[in-house]
Amino acid sequence: MKLTHLAVAIALASVPVIFSNHVYASVNVFLDENTLKNDVEGALSGSVKFAQTHTIDASGNSAQEMPRLTSTRDTLVMFIPQQQNLKKITLRAYDKSDALLGSLVMNVPDQLPKSDRPANSKNPDVIYSDKAWSQRLPADWVQPGLSLEFSSDNGHTGTLKKIDIGGETQVVLQNIRIGMLTAPGPLEKNPLEKESEKMARDYFQKIPVSQLIVGNYSPLNLKEIVLSTGKKYTLQSEDEGGVYDGDMRENIGKGIISMGIDNANFGINSSPGEKQWQPALFHQVAVHQSCGQYRNGRVQHGLSGGNGMATLYDTVGNEFSHEIGHGYDMGHYPGGGKYATHNQNSGWGWDENQNRFIANFFWDKGGDEVTDGHVTPPFKGIYRFNSDTMGGGEASSPLSHYTLHTGYTQKRIQKWLESTAVITPTSASGYLKWDENQQKMVEANDSPRRKPSAFGVPVTTLVGFYDPRSELESYIYPALHGSYGYAYQPEPIKAGQCWADVTYRDGESEKFALEGIRLESSHMNKFHINVPSSKHPESIHIACPSKNMEEMYTQWKLKKLGVDKFYLWGPDKNEKLGSVYHYEQYQYYFKLKSKPFWYFPTAKEDNQYWTYLTDEKTLKAEYDSQLSLLNADYFGENVLAERGIDTASIAPMPAATVGHLFEKNAAQAPVAVAGDDFTVTPTTDASRAYDLDASASQHAVSYKWTILKGAGTFWLQEKHAGPWVREVKSAKARALIPSNTTGEVTYLLTVTGKDGKTASSEITVTVKKSEQVNHDQAFLDSLNLRMASQDKDASVLFTGNIDVGTQPTSKPGYVWTLPAGASGTNGGKPEQSFSIMKTDRIQTLSASVQATAGKVSRTLQHTIIVPAKQESSIPAWDGSKTYDKPCVKVRHNGKVWLNGWWTKGENPNNSGQWGVWREEGNSDMHGSCK
């Protein structure tokens, strides 16, 4: 969706931020105590508030346009008793069957989380409440049917029941940088990729989800572009590029890459070539930074989101929050200016990791907030309220890089996510979906869902265009390498289908079925397939039947409907009565019954001009059922394209997962985990056994190992030196490989749950003679350069060490390059010590080492900082001294430090990034000391 002025990214990193728990003379309370009511039943009365992404009431939140609690998420519960002078309150939590979950002592009001107020703010502090007792509820306790009991030290109790808790929700983000005929943007411009764990935890605080997953792809540098029309570019696009414009933006960045990633993770192997379609089987967004070389130069695209993707300049700030918000079906200014602006009732945020409240106003801005014509006065006449991310808001909190939604928007995001399934291996179908009537998560197994064979594993995503007609030149793009994805077992190829044939390092191959006809008349089809990277795919080719399946299908439809031609509404105005027209928008077929005619019905029904006959889906299903009677190779093979699959030159950054789903949702459905396939070398002198372990299986009460393939050649053992058998009834067994034997054996694990339900899993052991594997590149990839320093007054002694994760095949060598003026010698070892003399200024230098193993090498570099010489006039830090003025210089541990405000006793070494002491020359130096 296009955006004009709303999605301007607010770069938090450009604002120096300092936090302090300093006590201020004037403190305001955000919570309006005049609105409090008694929420509990019993002698202990009081009001209850909750906080996840927003502070909300104990009940009635929907009527107030606020979200409810999300299942399986840490929750801050606050109890504000009406009685005074209580010394202790104990919280007990019970599940829907009234079983005790646990008991917690609540924190006194002074221990309520602080706000995100920056210490350098000139305005008074604001706390959420000065009377609220608080405690954190573990995520697994927060399930529908939860009740809470509050007990005070005077023996009184109060019970809260009927807590409105919604379903489990999930968001999966796939992140990639794309360069189209130009290099992709740098890693430093994609914080979500560079610091996935940090940014995922940050964004998790802003959306009502139980689980947030961020997967990363290796950056993609496309030096050749082929569009779905067959047009090819090698230097630049013929089109003019812009933030929202450019054929490569649409057809490549959004079309083949983003839709390809989405659909490959949904288990959909092919789709229309130009149309950007994905079935949204779970909430997944392909976040991409794309730039392309156009006739008007290099252009970066951004400021766009929706339909399972987001085209972004930046992965932090309001642009990110806004465009991802479009993916939750949010438009601009939800609810108009009133609801697109925060106010005292729209909720503060809560950061569960930092245990701090996120204010919904600006700490350093005052005045009215005018949004879409609606005026919201400032809180206490001081603090201007922020706006929703969909209504021109800002990522204003010093604690966060993302924008806090209003409660109005958050309620609707939550409803959207609850209507979408979550993907989980604990489900029999692979998916669970919230059922509002039953108040629980239920199986989702509607078409076209398929349960993945691999969940959350590194994947190789294969994408490209293919033409079943063989009129346009098909094209396979370089493989995409992702750190987190879902892979699916191939379905049998049917007669008339095309297929992708993927060959793996071990010589095995798999065929993935593709649509056998063009899905758009003027465009090739897309293909998009995930395979686990652990299988080491090496090549792919795309093939279709030799026959023109599209023409055969058209002739079959004509015969089926008893006509010799299909007509279109626009150009074919004067055809005879009884002619059959194709309504392309809805893929309906109508028979003309009256002239002159007007519009088709938009539903499967008749009107005065048309008689509804059928739709494309029904016709295709009947045609495919007839083809299914034929052998898959009945129509021959025509290879359209082939390509080798290269390994990633830059490994994808690790995935990040925040939160989890409630495992007891699948308690009645056992999950069998046999383990990963492995390869062994045969022995020549005696048999050998390898451990099989089903301990990772879930919800199982009994286990059974059998031999699915290879029985008679290979065997099982229950324990060491035990008999050779074909069945073992325990979680652990031994795969027995006789001497001088090669081949494959597949063991089948069957587990049984408490209710008698079973689940199975297979593990294959490949026995083959060993091959010499060269580990030199793996050795280089595993290296990590560490640099330690020791202050020697007039100089600094640096010691570099190389950590080795994988041993090389060849003898390694090391050549160190030291800064100018460094003193130190090295004999080609992985350790290096050298000294740098101090000068009057801070020196920022670099040291590097080139590691070589066999024919490959890698250079590792490390930045070092040499402090300036100590000035004798600068006094040493004194822990007993009070520094009541800012910007006082002190010496400590060989460095010069400046304070930002009053301090006593705080050691500069322990001050931290936001502390009172900052090292001289630091880019984050206090503004007053620069």
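Note that Cβ sites are derived from N, Cα and C of the backbone, with glycine treated the same way.
Keep in mind that TrEMBL annotations are predicted by a computer and have not been checked by a curator.
It should be emphasised that the depicted structure is a prediction, and the values quoted were computed from it without experimental measurement.
What TrEMBL records for 1-25 is signal peptide. TrEMBL lists 170-423 with the feature domain 'Peptidase M66'. What TrEMBL records for His322, His326, His332 is Zn(2+) binding site. Per TrEMBL, active site is recorded for Glu323.
Here the binding-site residues are His322, His326, His332, and the one whose Cβ sees the fewest other Cβ atoms within 10 Å is His332.
Other Cβ atoms within 10 Å of the Cβ of Glu323 (active site), summed over all protein chains shown, number 28. Each residue contributes its Cα atom, and for His332 (Zn(2+) binding site) and Glu323 (active site) these two points are 10 Å apart. When averaged over the domain 'Peptidase M66' (170-423), pLDDT in the model lands at 96. DSSP gives the residue listed as 'active site' a helix state. In the three-state DSSP scheme, His332 (Zn(2+) binding site) is classed as coil.
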